[in-house]
Amino acid sequence: MSTTTSCENGICEFRSGVSADIRERFRQEWVVYALRVSLTEVASLRRALASRHLLRLPRKPSVVRPWTQSVLASESALFCCDILPRISRQFIRSPRTAISLQRMCPRIQWHWFKCFVRSFASRLGSEIPERLSRALTTSLLSTYRLQLDYDYFGHSYILRQLLPSSVPAPKSFETIGHVLHLNLRDVHRPYRQLIGEVLREKIPGVELVVNKAANVGGTFRTFAIEVLAAVPNYRTQVSLRENGCLFHLDISRVYWNSRLETEHRRLIDTITARHSDFVAAKVQKHPTAPSMPLADVVIVDAFAGVGPFSIPLAKRGFSVYANDLNPDAISYLEQNIAANNLVRARCQTSCMDARAFLEDVIQKKHLPVQHIIMNLPADAVSFLDVLVGHIAPHKPLPFVYCYCFGRGEDAQDEIIERITQILDDAWQRQRKGAIHPFKAFAEVSTEAPGTLSDAKRYRPEPFRFDSEKDQLRIRCVRHVAPEKFMFCVEFQFPERLARSKTAFS
């Protein structure tokens, strides 16, 4: 990633925070009615009063101490009441339209309050002590000055008040350690620094707010970022925990998406569940998923990144081969291996093109790969042809987990059709390179003219998935953009495509 801001010596010039005049706009003072009671009666009155009768403001107590410092005040407490213009919820939604008690006619104020107290006392009757009933209906009435300021309100409310009515406040973002990552729309661009400052100040632990300045692309599938708000001497290196593992990374150099944490855990649990019974009966023909110890189960992560799949799987006992084309990603992956106290033999790394990597581990080294993770949604399906015809007969059929993007209502069918076509094309290419029995017979047979015509007419049927036999499943992972979704396609690689001897028979 690259930032679009100009920095010198690692320090960028940003505003120190939201300006004082903006903060002053949120300073409010409200006068609410309250019941003054002795400290010894607080618990009894709290049980007697219904929640709808008391002030209900988030992070503001309904029972407070009086403002004055008199002896009487030190021995009493105030129950702030919610009996006039619904000061809690309506005020939080739009304080500009709420009615201040100070602006109402005093006679109407007291009349309203006394009517409420009398009706309250008559409803409870003997349920409260006589002393409290007498206090409610006589003179123990007071007021309380409720003060609210910029620090009280949340970021959503502040942005709704500061941005024009035609500009919606950003609703979604992700946090990566101390970094908050936004994906703002064009309508937010004139206000992006204000949005960044508000979010940096309002969300605990955030030191750096960045915006996605361009779509994911390039050789290493990263994207440019624009710094919107930051503390002095901010860092793009972050440390975070996910699925019980520690990860170090630099958001400006590698790709990370915290929204995929659930998907990472789901796939890790899926692979682990396939080997929950690894002390199963002896395998008769080929080794299968639950037939061997976890250390003998080989998992290939073709687009590993900094290791959101590889590190947890290696930590659970699997043998992982992790690859990524980005050297920075591999550097952080190796740091994460050490940070999680993993043996290097448990998670071996390589930095090469995914096609060359798959050819190396499957076609050259003939590793007994049981799981292949292909987490490159933009282009992962184009690498599936590497597997066709190159899995040795004595090796297990691997489970493939391929991530991809799709659009529209028919996205799942189109994805399956695309994968089927890629596998079929690779299958047909290999068939053309093989000598077919019909062709061999036609070349040596001169006394059976009908056989040659049969050979010319022969056309192999195109490959099609058997959903049950191949355990084919497709699942929507998340909504990426309007009409764009991320999917995960899971299947066990078909036997008729895997073996070079059976692929052409």
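Every residue, even glycine, has its Cβ placed from backbone N, Cα and C.
Computed from a predicted structure; not experimentally measured.
TrEMBL lists His264, Asp324, Leu325, Asp353, Ala354 as S-adenosyl-L-methionine-binding residues, and of the candidates Asn233, Asn340, Asn341, Asn375 the one it assigns to that same site is Asn375.
Under the DSSP three-state reduction, His264 (S-adenosyl-L-methionine binding site) is assigned to helix. Per-site Cβ counts within 10 Å over the binding-site residues Leu325, Ala354 peak at Ala354. The Cβ neighbour count for Asp353 (S-adenosyl-L-methionine binding site), using a 10 Å radius and every protein chain shown, is 12. Take the CB of Asn375 (S-adenosyl-L-methionine binding site) and look out to 10 A: across all protein chains shown you find 20 other CB atoms. The binding residues for S-adenosyl-L-methionine are recorded as His264, Asp324, Leu325, Asp353, Ala354, Asn375; their greatest pairwise CA distance is 23 Å. Across the domain 'SAM-dependent methyltransferase TRM5/TYW2-type' (173-495), the prediction's mean pLDDT works out to 86.
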